[in-house]
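Over in TrEMBL, the protein carries these features:
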DOMAIN    10-159  domain 'Fido'
ACT_SITE  96  active site
BINDING   100, 101, 102, 103, 104, 105, 106, 107  ATP binding site
């Protein structure tokens with residue numbers, strides 16, 4: 001959804017596709033993946049009744065119309081960008097169009113609006129870490145928006161963007177140093193499958209064997225040998241041991257992303273005082 005927003009409008013189909021990708025792998029949520037909810041939901045209170053719920057979203061029959069209206073707003077090009085992204089997110093969360101996964105898709109919608117408006121080109125500003133650092137404040141700000149105070153929520157997202165952007169600059173510098181370190185550890189031959197894989201790890205830090213072979217352009221056996229060598233020296237790790245669909249990841253990239261999330265959270269908490 002975020003990538004496609006860079007080349008065209010944010011669409012309902014892109015939103016549903018993103019939700020299906022997110023939820024389909026889970027047996028318990030797969031049934032409702034990739035489609036709007038067909039039942040009433042609510043936030044807080046009992047699992048059986050909306051009595052005493054903190055918030056009750058609109059009934060399901062209104063969701064398609066509300067989402068069309070929201071995406072019309074999200075695709076406008078005449079609004080202040082951060083304000084537009086913040087309001088789109090708050091409105092999405094208030095519609096709560098899915099049975100599950102609303103928070104993650106709603107945060108992705110912020111990134112999609114930023115990409116659509118050219119605020120970002122290739123990277124995604126990791127606002128989720130700022131929002132999740134203090135969930136009580138996040139929900140308080142959402143409640144204020146629903147009570148008519150949009151300004152406070154826009155200001156909240158603006159601060160989250162600052163914290164995420166500042167921490168991301170430090171992270172970008174750390175990531176830029178990794179290829180040289182990897183080469184010194186792996187000592188790959190020039191133009192080998194090992195070297196080609198190393199050069200792609202920042203852009204593709206998690207991948208399967210098919211993706212690895214497309215990256216290397218080498219034979220299957222050569223690619224697997226490269227994967228084995230890079231795993232042996234600790235640059236890669238196997239995330240999934242399923243032999244039919246083994247998944248590898250760049251250890252240092254994942255560690256840096258974890259560090260980035262922690263740094264954004266710390267900046268957010270420190271700002272709150």
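In case you wondered, yes, glycine gets a Cβ from its N, Cα and C as well.
For the domain 'Fido' (10-159), the DSSP counts in helix, strand and coil order read 89 helix, 2 strand, 59 coil. Within 10 Å of the C-beta of residue 103 (ATP binding site) we count 18 further C-beta atoms, all protein chains included. Proximity of the residue listed as 'active site' to non-local residues of its own chain (separation of 6 or more, Cβ distance below 8 Å) is seen for 37, 41, 43, 57, 102, given in sequence order. Each residue in 22, 98, 108 lies on the same chain as 100, 101, 102, 103, 104, 105, 106, 107 and has a C-beta within 8 Å of the C-beta centroid of that ATP site, without being one of the site residues.
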